[in-house]
Amino acid sequence: MGRGKIEIKRIENTTNRQVTFCKRRNGLLKKAYELSVLCDAEVALIVFSSRGRVYEYSNNNIKSTIDRYKKASSDSTNGGSTMEINAQYYQQESAKLRQQIQMLQNSNRHLMGDSLASLTVKELKQLENRLERGITRIRSKKHELLLAEIEYLQKREIELENESVYLRTKIAEVERLQQANMVSTHEFNAIQALVSLNFFQPNMIEGGSAGYPLPDKKVLHLG
């Protein structure tokens with residue numbers, strides 16, 4: 001059968017209260033000592049009796065232990081304040097980022113021609129100027145790319161013309177050699193076929209017009 005639960009309340013009888021205090025105090029001091037020895041803990045115990053007498057135990061200097069406790073309590077309080085300040089800072093930064101995202105989304109919709117009802121005449125004029133500057137930059141870039149493409153095609157045209165002249169010269173040389181009976185008819189036909197093959201293969205436009213021969217002279221104009 002287990003022990004009954006003892007009700008904890010103030011002992012009214014003065015003598016009994018003093019006797020109980022002495023017993024419990026000694027037991028508490030013993031437990032503090034055992035805790036410090038068994039667990040290598042720094043323990044400080046201070047007890048004031050109802051009459052104002054002080055009893056203490058410390059396995060170290062009790063003042064040093066109290067100072068250490070004060071420092072630990074101060075660090076804990078400051079740490080809590082720092083965490084609170086950091087939390088407020090991150091909340092503010094998060095709110096700023098959400099506001100910036102909203103502004104960018106609104107600006108993007110305005111550039112697409114949406115959600116214009118809320119804009120004033122001044123804001124619409126500013127939006128118009130932004131779009132015009134953007135179109136100007138786009139046209140400038142397109143013009144730059146077109147000029148580069150035209151320059152490439154002109155260089156390619158010159159290369160093909162030079163190659164055409166070279167191949168025609170080769171054909172004329174082969175014909176002359178045949179007339180001089182230095183090349184047989186079979187060899188002449190083979191050389192002419194090879195030259196013709198080499199002539200027509202490079203004489204093609206590479207950029208999306210494959211299969212069509214490049215004219216002898218191309219005049220390119222910018223619109």
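For all residues, glycine too, the Cβ spot is worked out from N, Cα and C.
Bear in mind that the values here come from a model prediction, so they are computed numbers and not experimental data.
Swiss-Prot annotations:
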DOMAIN    1-61  domain 'MADS-box'
DOMAIN    87-177  domain 'K-box'
DSSP-derived helix, strand and coil totals, residue by residue, for the domain 'K-box' (87-177):
82 helix, 0 strand, 9 coil
Tell me, roughly as an integer, the mean pLDDT over the domain 'MADS-box' (1-61).
87
